[in-house]
Amino acid sequence: MPLLAYREKHILSAQQLRKLSEHKYSCFSASLLDPLLQPWWNWLVAQTPLWLAPNLITIVGLILNVVTTLILICYSPNGVEPPPRWTCFLCALGLFIYQSLDSIDGKQARRTNTSSPLGELFDHGCDSISTVFVALSACVSCQLGHYPNWLFFQCFCAIALFYCAHWQTYVSGTMRFGRIDVTEAQFSIIAIHLISAVLGPEIWLTKLPYFNCETRFVPLYVACGIDLILTLRYANCILTDGCGKNGSSVAGTSVLSPSIPLTLVVLPALMIAQKSPQNIFTEHASVYILAFGMVAAKVTNKLVIAHMTKSEMDYLDWSLLGPSLLFLNQYFNCVVPEIWLLWFTLIWGTQDLLRYCAQVCLEICQHLRIDLFRIPYTPKGMPSNPATASVSSQSNFGGGGSADKNGGAAHRKSKSKAH
């Protein structure tokens with residue numbers, strides 16, 4: 001991790017680290033599926049070894065989700081070619097494993113007495129990356145590349161709604177989930193992958209009787225309706241539920257201030273895609289979504305940190321370098337091939353995101369005196385059940401992981417819907 005870190009300066013100030021130490025996770029959930037899945041999650045965490053760190057559980061699930069999606073994309077990079085059925089099944093399995101592991105990391109943190117603010121931040125950081133891959137995989141599985149505008153809309157809706165979920169948290173101080181939210185969206189996408197795996201991706205191209213439209217438009221229109229509901233809910237919360245002075249955010253800033261970083265990602269992405277003389281989005285859809293998705297993940301992580309440290313959010317970021325170069329290149333009539341700059345945007349944004357996250361985790365670990373991926377061995381004479389150990393031990397050995405969904409501060413995934 002130190003090799004990846006920003007060595008020239010600290011990212012978090014002493015005041016931010018102090019505020020982070022005081023942070024308490026607050027969540028409200030009315031999910032329909034969560035109560036039904038609790039027995040499965042409780043059984044799964046009971047089978048998990050006590051030496052397994054919560055953050056390690058989270059990162060393993062993310063890696064599986066990313067790898068299975070990349071395999072799918074390799075066979076259908078633009079969402080036009082029908083991918084092999086087994087790749088769709090692999091995506092469904094990868095997402096199910098990720099969803100399950102992401103739901104028990106908080107429970108594992110409680111079992112091992114290692115809950116800490118770092119666990120919440122790490123969970124949200126992994127979710128910000130997963131959202132991009134989950135949204136893209138669903139679109140590829142439905143072969144939505146035949147309709148590039150719909151592909152763009154759905155992927156960037158998922159990215160923007162994930163950001164808005166944390167925007168309303170930054171404003172109200174509480175993460176809120178409705179009856180149809182993250183878990184329901186994840187299982188809907190799992191269902192899409194399974195349909196493609198069992199019936200073949202071509203099923204989405206068949207015409208529905210009496211409706212004169214392709215089957216793929218059924219989940220598409222349902223997703224649009226849910227996107228609209230979520231947008232209205234987030235907008236209402238942002239405009240009316242400010243918990244700071246005079247209705248401001250948790251940091252005392254304007255409730256509309258987080259709109260600037262989101263606009264600096266989504267607006268250039270839209271303009272570059274529409275004005276590209278080389279049809280860069282249509283020809284390289286997956287690379288385009290991943291490139292801008294990594295930039296969006298970076299600004300979302302900065303928003304999460306701003307919320308947890310009750311600080312003002314920075315508007316400009318080095319991750320915006322790639323989109324800026326793509327925009328300027330179009331302004332000067334594409335003196336550089338756009339695909340070169342698109343790959344630069346993806347590589348630069350990915351390494352910048354990883355280096356930033358590594359440095360933030362390193363600083364928090366040093367401040368809280370905890371390890372990111374390790375739970376120390378319990379010496380003889382100590383309680384065999386870490387849950388009965390002194391709470392003070394988490395300040396010395398906490399491996400991360402936010403609180404359990406059922407106790408105190410409910411542990412929930414912070415993804416917006418990835419349709």
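For all residues, glycine too, the Cβ spot is worked out from N, Cα and C.
Whatever TrEMBL says is automated annotation, not expert-curated.
As annotated by TrEMBL, transmembrane segment applies to 56-78, 84-101, 150-170, 185-205, 217-235, 255-273, 285-305, 325-346. The region 'Disordered' annotation in TrEMBL covers 383-419. According to TrEMBL, the feature compositional bias 'Polar residues' maps to 385-396. Here TrEMBL flags 410-419 as compositional bias 'Basic residues'.
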Point to revise | Two-stretch contact, the transmembrane segment (285-305) and the transmembrane segment (84-101), at least three Cβ pairs under 8 Å | key: no
Review point. What stretch in 150-170, 185-205, 217-235, 255-273, 325-346 has the biggest tally of Cβ pairs under 8 Å against the transmembrane segment (84-101)?
Key: 185-205
Revision key, fill the gap. Under 8 Å Cβ-Cβ from the transmembrane segment (325-346), and at least six residues away from its ends along the same chain, one finds 268, 271-272, 275-278, 280, 283-284, 287-288, 290-292, 294-295
Point to revise | Candidate ranges 56-78, 150-170, 255-273 - greatest C-beta contact count to the transmembrane segment (217-235) (under 8 angstroms) | key: 150-170
Practice item. Report, as numbers and ranges, which residues of the same chain sit near the transmembrane segment (150-170): CB under 8 Å and 6 or more residues beyond its ends. Key: 79, 124, 127-128, 131-132, 134-136, 138-139, 144, 176, 220, 223, 227, 230-231, 234, 237-238, 241, 249-251, 258-259, 262, 265-266, 269-270, 273, 281, 285, 289, 292-293, 296, 299-300, 303-304, 306-307, 313, 414-419
